[in-house]
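As recorded in TrEMBL:
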BINDING   K54  UDP-alpha-D-glucose binding site
BINDING   K55, D79  Mn(2+) binding site
TRANSMEM  379-399  transmembrane segment
Amino acid sequence: MQDGTPWPGNSVRDHPGMIQVFLGHSGVRDVEGNELPCLVYVSREKRKGFEHHKKAGAMNALIRVSAVLSNAPYLLNVDCDHYINNSKALREAMCFMMDPISGKKVCYVQFPQRFDGIDRHDRYSNRNVVFFDINMKGLDGIQGPIYVGTGCVFRRQALYGYDAPVTKKPPGKTCNCLPKWCCCLCCCSRKNKKTKQKKTVKKPKQREASKQIHALENIEEGISDSISQKSSEGSQMKLEKKFGQSPVFVTSTLLENGGGPRNAIPPSLLSEAIQVISCSYEDKTEWGKEVGWIYGSVTEDILTGFKMHCHGWRSVYCMPKQPAFKGSAPINLSDRLHQVLRWALGSVEIFLSRHCPIWYGYGGGMKWLERFSYINSVVYPWTSIPLLVYCTVPAICLLTGKFIVLRLATMPVLYSWLSLYQLL
């Protein structure tokens with residue numbers, strides 16, 4: 001642009017993909033001598049006639065670009081109207097993610113939302129005390145809280161649609177109720193039986209079996225190369241169908257602990273990053289369906305967390321004393337009503353879609369109580385219908401003088417009171 005060429009992103013809905021690296025891996029340090037992280041500006045390609053899926057599509061584009069350039073194993077999601085209020089919050093999230101016992105099954109660590117500029121009485125109920133301080137704490141004891149769209153640290157592998165790792169249970173002893181000397185006798189007797197059975201096997205049979213094994217090994221050596229080649233080609237095609245046609249990005253999805261270029265970002269990686277944010281990259285792939293942020297609702301955060309829990313992952317709710325992130329809340333009634341309407345509309349969209357928690361995701365590792373919480377999050381807008389009827393019918397009855405409840409005669413009422421008095 002220094003030579004007078006215009007900025008290519010002047011049109012919000014029609015512009016090419018743009019990536020600008022402000023700080024690369026060149027070891028730039030701050031005033032105190034600490035190494036600064038990589039800072040990259042990303043603007044995905046937008047063209048008329050393509051569905052961009054708003055925030056969900058933008059987050060999926062950022063996942064792919066970050067995988068190509070750095071491929072860090074953990075991601076932080078913060079909305080544009082939020083800021084980091086506690087620098088140690090990320091360290092607390094890493095304590096859950098890197099826990100040697102249960103950390104491998106944690107898909108994300110959710111922090112509560114806290115806001116600035118709320119009046120003392122909170123007239124618009126922006127704090128959501130019941131949800132963030134009670135409900136989310138309760139969900140933390142089941143399978144984890146719901147993803148609320150911001151203030152969340154993710155595990156990259158969980159966003160790729162992989163199942164949670166299965167924890168192996170330690171082998172239990174079958175004779176815990178017996179004394180130690182009895183257990184020793186049982187073990188000795190089992191070993192003696194096995195040795196006796198081995199001695200009864202004849203040598204000719206062993207020779208024949210060894211010949212058959214050698215023959216099978218020779219056959220396997222002959223066809224192992226072709227099988228491995230075909231399997232690698234088949235797995236590569238499956239990965240490309242799932243993640244897209246970028247070989248660099250597909251390779252990065254197989255690295256569980258992350259890893260990327262340590263030196264300056266080469267131009268080849270930048271061209272690859274431009275490719276993964278193009279409009280047509282997600283065509284005929286599983287992005288938005290099984291991978292990344294899930295499309296199909298205005299509230300994509302509920303769908304994304306729901307899919308992770310269906311794959312057997314669990315989440316963690318972290319509430320540090322100093323709020324981790326803070327944002328701006330609606331300051332007038334119209335903005336607040338628009339926000340509540342958007343949340344309700346997203347829940348209705350999920351309820352009417354195939355991802356409804358009432359009938360989706362059974363047998364995938366989600367606990368029943370966790371499912372009930374998701375059902376509650378998509379059913380609550382429908383409770384406005386009986387509530388509206390309950391509030392309007394009495395007013396209509398008073399204005400028209402007609403009541404839907406039958407009037408009771410005075411004599412039966414007096415008789416019921418007298419009979420009740422006699423019983424007492």
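Backbone N, Cα and C atoms are what each Cβ position is placed from, and that goes for glycine too.
Annotations in TrEMBL come from automatic prediction, not curation.
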**Fill in**
Under 8 Å Cβ-Cβ from the transmembrane segment (379-399), and at least six residues away from its ends along the same chain, one finds 344-345, 347-348, 351
**Complete:** For K55 (Mn(2+) binding site), the nonlocal same-chain Cβ neighbours (under 8 Å, six or more residues apart) come out as G149, W293, E300
**Prompt:** Which residues in the same chain, at least 6 apart in sequence, have a Cβ under 8 Å from the Cβ of the residue listed as 'UDP-alpha-D-glucose binding site'?
**Reply:** E300
**Prompt:** Are there any residues in the same chain, six or more apart in sequence, whose C-beta is under 8 angstroms from the C-beta of D79 (Mn(2+) binding site), and if so which?
**Reply:** G149, T150, G327
**Asked** How would DSSP class D79 (Mn(2+) binding site) in three states?
**Response** coil
